[in-house]
Amino acid sequence: MPAKLSVNLNAIAMLRNRRDLPWPSVTGLGRTALQAGASGLTVHPRPDQRHIRFSDLQPIRDLIDDEFPAAEFNMEGFPNEAFLELVERHEPEQVTLVPDDPAQATSDHGWDFRKSHNLLGNVVGRLKKRGFRVSLFADGIPDPEALKLAKETGADRIELYTGPYGGCYDDPEKAERIAIELGRTAEIAIGLGLAVNAGHDLTVANLPLLVEHIPELAEVSIGHGLTADALEYGMAETVRRFRRACGETA
């Protein structure tokens, strides 16, 4: 089964926030993405609300509930109390926990599962009691012991950080080496009973190789590259192009 595509709305929100105006519309373009066959919408609401605002969350939840009940809402963030309260209020289908400092421009590394094992175990337990699927942001390094610790937290999935892979857009040999490593990491995780998502700097050009090395990839979450393409091709056609890159017929 092809990997599902979740469209990250943060870049759209960041463009909107350049002016005190309601456009481009986060929910409007989210609707277009879902109409074009995206499987879900992703947001990462940071404490300073520099892109997604807390006030965006309920309209996105309502859009999915009212118009696209088969789609999923994925909320990403560092698991402090403020983020967890947002999650519990807006009830996404999936919660992706990332080890971000609030000042970071973007997510750029996975969890240290040895150092953060107790924190993650407590947070995952809290979220699982509420019925959320939980994914943990993970580096693409085939470390069986670390992935075993991730599994022990009770998480359902990992999301492989693909930034280094995406950064090899002009070095195909290095991209191949990293894709092999990501594939090995995914294989270990799947063997432990974790499903595997992926995200960061994924494009129409580099998705096919990633999917080749991770044939059981469950989901990709894509924002920057997809939004950049949408400026050229339009949101609907861009979503279809990314779906085809994931192996779907679109």
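The backbone N, Cα and C atoms fix where each Cβ goes, and this holds for glycine too.
Annotated features, as they stand in Swiss-Prot:
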type: ACT_SITE; residues: HIS44; note: active site, proton acceptor
type: ACT_SITE; residues: GLU76; note: active site, proton acceptor
type: ACT_SITE; residues: HIS200; note: active site, proton donor
type: BINDING; residues: ASN8, ARG19, ASP201, GLY223, HIS224; note: 3-amino-2-oxopropyl phosphate binding site
type: BINDING; residues: ARG46, HIS51, THR106; note: 1-deoxy-D-xylulose 5-phosphate binding site
type: SITE; residues: GLU159; note: site 'Transition state stabilizer'
Closest to HIS44 (active site, proton acceptor): which of the recorded positions ARG19, HIS51, GLU76, HIS200, GLY223, going by Cα position?
GLU76
Please identify, from the recorded positions ARG19, HIS44, HIS51, HIS200, HIS224, the residue with the sparsest Cβ neighbourhood, meaning fewest other Cβ atoms within 10 angstroms.
ARG19
Can you grab the distance from HIS200 (active site, proton donor) over to GLY223 (3-amino-2-oxopropyl phosphate binding site)? Cα atoms, rounded to a whole Å.
8
Three-state secondary structure, which DSSP defines for GLU76 (active site, proton acceptor):
strand
I'm trying to understand the geometry here, so how far is the Cα atom of GLU76 (active site, proton acceptor) from the Cα atom of ARG46 (1-deoxy-D-xylulose 5-phosphate binding site), in Å to the nearest whole number?
9
For ASN8 (3-amino-2-oxopropyl phosphate binding site), the number of other Cβ atoms found within 10 Å of its own Cβ:
27
Residues ASN8, ARG19, ASP201, GLY223, HIS224 [recorded 3-amino-2-oxopropyl phosphate binders]: greatest CA to CA distance in Å:
26
Proximal residue to GLY223 (3-amino-2-oxopropyl phosphate binding site) among recorded positions ARG46, HIS51, GLU159 (C-alpha distance):
HIS51
